[in-house]
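Structure, as structure tokens:
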Amino acid sequence: MRIISRQIVLLFSGFWGLAMGAFPSSVQIGGLFIRNTDQEYTAFRLAIFLHNTSPNASEAPFNLVPHVDNIETANSFAVTNAFCSQYSRGVFAIFGLYDKRSVHTLTSFCSALHISLITPSFPTEGESQFVLQLRPSLRGALLSLLDHYEWNCFVFLYDTDRGYSILQAIMEKAGQNGWHVSAICVENFNDVSYRQLLEELDRRQEKKFVIDCEIERLQNILEQIVSVGKHVKGYHYIIANLGFKDISLERFIHGGANVTGFQLVDFNTPMVIKLMDRWKKLDQREYPGSETPPKYTSALTYDGVLVMAETFRSLRRQKIDISRRGNAGDCLANPAAPWGQGIDMERTLKQVRIQGLTGNVQFDHYGRRVNYTMDVFELKSTGPRKVGYWNDMDKLVLIQDVPTLGNDTAAIENRTVVVTTIMESPYVMYKKNHEMFEGNDKYEGYCVDLASEIAKHIGIKYKIAIVPDGKYGARDADTKIWNGMVGELVYGKAEIAIAPLTITLVREEVIDFSKPFMSLGISIMIKKPQKSKPGVFSFLDPLAYEIWMCIVFAYIGVSVVLFLVSRFSPYEWHTEEPEDGKEGPSDQPPNEFGIFNSLWFSLGAFMQQGCDISPRSLSGRIVGGVWWFFTLIIISSYTANLAAFLTVERMVSPIESAEDLAKQTEIAYGTLDSGSTKEFFRRSKIAVYEKMWTYMRSAEPSVFTRTTAEGVARVRKSKGKFAFLLESTMNEYIEQRKPCDTMKVGGNLDSKGYGVATPKGSSLGNAVNLAVLKLNEPGLLDKLKNKWWYDKGECGSGGGDSKDKTSALSLSNVAGVFYILVGGLGLAMLVALIEFCYKSRAEAKRMKLTFSEAIRNKARLSITGSVGENGRVLTPDCPKAVHAGTAIRQSSGLAVIASDLP
């Protein structure tokens, strides 16, 4: 039964083969793939698989059987061997890719053996009968675009990988229209060469570029353009490539440069959408390259399989017998033995017209694409956007740009904006228990609060990202690459920078800044000097040494003048006549103001204690009055200053200004290694700052620090031998943090501001700027600063421990007063002892007593107040007989009480 069934099938196949011109059920096709074409090979396999598994028998009455070889184009023998291998297998047509090294070998074999080659590679310059070019030519579209932009001076960057067809067309047009074109071959350029070239072109004010390179080299050129910051507003790039959406242009979106290009594949057509659904389901391990959308070369590969399948269907309908290709033979035979049906195959291929992924696929007599349409795209803030199209009939047709409704941030409302910042207290810090939080909740600080307020005003979602290298942003002098937060913006890794980022000219050239949210200047930080210990006689500090000397001389002078006027004025003399019935002179001295009483009067008035005597004459009272007025002013001034001098412990700073730093050598000083402060000194033309920059640049060890925290730590550990130059806001903040051992000295060296940064030309720029202005008007920015600088300060308003401790007096503040008191008491006792001994000696001589007996009598008198047997007080110095009566008036400060003596 099985044998009968097989015979029936064979018989039916034979009749079917006779009816259809003996067309084979399995069609052998070749595939030649070069390096870095994994995705194209995946598209090739997928197209064959979908054809062979098509449920429509009329669409796929035969199977395509591929024979694939991977070739190394640098080895011409390997290319020849691969082609001959395909030929010996009896393939009817070959799908293959080539480069400039293998194109001539493959096209020569195809022409000699009449084997058709369907290729998505760049179009050949000559006429190759058996080569079908799937890739359309860009010449017409590019020239139309240049005419539209009216470019007459631009740079044309090209390589020779794709030949010289576009270069030749541009140079011919330039000659006709008088264009000035700088054509530069970049085939052998490396990264450094690219950057040097771009810098040179920038010096020549070249802002317009046409780039005609294959995708790998093109991507590298674009990266170097970004690295040197030439992807910002003012630059315009036309990319001569058919896969505008295949190119990574995210960084150009943030930069703001105008980028124009061409797109062959329309991802909105039903056929492409259907294929994309199938493409996404491919196993990435089995189908390499399927993790990304198909490139235009992959779409051309897919269309190439469709062209071959349609060709074989057409041959089948025409009943052309291709079942026997003849003797495969040796492809290197001399003379060559071409395939007899090769002409039919080539003719049918060129007659094919299908709708593929790349639109209408049709060829002319030379195997080149005709009647195709390519879209023109421009890079907008929202990404690539179609602005027109080009075809052979209509040429360049531009679509009127539809204005974007809503605010500038409408395009980003549905995604999260990356906000780059730097870990710097008090701007951005980790919370104490940050491990318990995720995302933005891990951080706190001034800039964290500011970011939240800005996001509320412009209505966006954001994610805080700490800059990896911990730098603010500077441009490397050698590589021309930006680092830090500026680099994050320039190279498209972030969209907003909210940090203590200084607004400078060099930064403004590559990024945009908002209005300043904080004003500041460069200041000097030093280690806080030890507070000077108050001197023993610190109570003398309120008045200068010269004033004290003048007071002493004034005191002596006033006393002498008072003595003299009292001597010369008759009203100071008190000579009185004896009363009636009394004899002898009065006990009252003739003049009270002797030299010692004058000194005593002046001292009492100066001490504001007064005296028992006072001038009676007008001249004496004038002297006393002016002396009292003088002492009133001096004592009041002294008292007013005394409190401040006793309660404030002064610090003597070795540095008070930048000039002090520049003219000394003991104290080193430096800045952050990357930032605006260093740039300020590097560019300054002021002599003092130039001198400081010369020192900092050549100092060993280096005085530049990687972070602000490192600089502060160096100040604290240097024992006063290192000064750190940084922004005044940070200086003031650190001064308020424990251990409270740093201080700001002198004024600010310049005036500048911190701004919120966005990429050049970003749609966020205007919205962020308005948000900062709105926050500033009600004083919210000042409120935020007070919150993080002073409300959370740890050193008090004066930078010390607290107000109470600062105003409290210690013993050292008034020790001198106690010393004077003790000294005065000691001096008084010493004088009393001298007087005691002197009087005892005089008493011994007068009373004919020994000195020791006189001492004992005086001591007994001093202790008991009596030396007599019955307790009477003996006063040997008093007169023996005194008139009885009432107490005699005081004279010369001595009062004597007279009483009846026995």
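Backbone N, Cα and C atoms are what each Cβ position is placed from, and that goes for glycine too.
Annotation for Ser676 (L-glutamate binding site): spatial neighbours Tyr472, Thr502, Thr504, Arg507, Lys752, criterion Cβ-Cβ under 8 Å with sequence separation of six or more. The L-glutamate binding site annotation in Swiss-Prot covers Pro500, Thr502, Arg507, Ser676, Thr677, Glu727.
For Cys84-Cys331 (among others), the entry in Swiss-Prot reads disulfide bond. Within 10 Å of the C-beta of Cys331 (disulfide bond) there are 19 other C-beta atoms, taking all protein chains into account.
Following the DSSP three-state reduction, the secondary structure of Cys740 (disulfide bond) is coil. Every protein chain shown contributes to the tally, and the Cβ of Cys740 (disulfide bond) ends up with 18 other Cβ atoms within 10 Å. The disulfide bond annotation in Swiss-Prot covers Cys740-Cys795 (among others).
Marked as intramembrane segment by Swiss-Prot on the basis of similarity to another entry: 593-608.
Annotation comment: Swiss-Prot describes 1-20 as signal peptide.
Marked as topological domain 'Extracellular' by Swiss-Prot: 22-544 (among others).
Averaged across the topological domain 'Extracellular' (639-813), pLDDT in this predicted model comes to 84. Sequence annotations record features per position, and here Swiss-Prot assigns topological domain 'Extracellular' to 639-813 (among others) based on similarity to another entry.
Here Thr677 (L-glutamate binding site) is compared against the disulfide-bonded residues Cys84, Cys331, Cys740, Cys795, and the shortest C-alpha distance is to Cys740. Recorded residues Glu727 (L-glutamate binding site) and Cys84 (disulfide bond) have their alpha carbons 73 Å apart, per Cα-Cα distance.
Taking the centre of the Cβ atoms of Pro500, Thr502, Arg507, Ser676, Thr677, Glu727 as the L-glutamate site, the nearby residues of that chain (Cβ within 8 Å, site residues left out) are Tyr472, Leu501, Ile503, Thr504, Gly675, Lys752, Tyr754.
The maximum pairwise C-alpha distance among Pro500, Thr502, Arg507, Ser676, Thr677, Glu727, the residues recorded as binding L-glutamate, is 17 Å. Considering only the recorded positions Cys84, Cys331, Pro500, the residue whose Cα is spatially closest to the Cα of Cys795 (disulfide bond) is Pro500. In the three-state DSSP scheme, Ser676 (L-glutamate binding site) falls into the helix class. A helical conformation is recorded for Cys84 (disulfide bond) in the three-state DSSP classification. The number of other CB atoms found within 10 A of the CB of Thr502 (L-glutamate binding site), across every protein chain shown, is 23.
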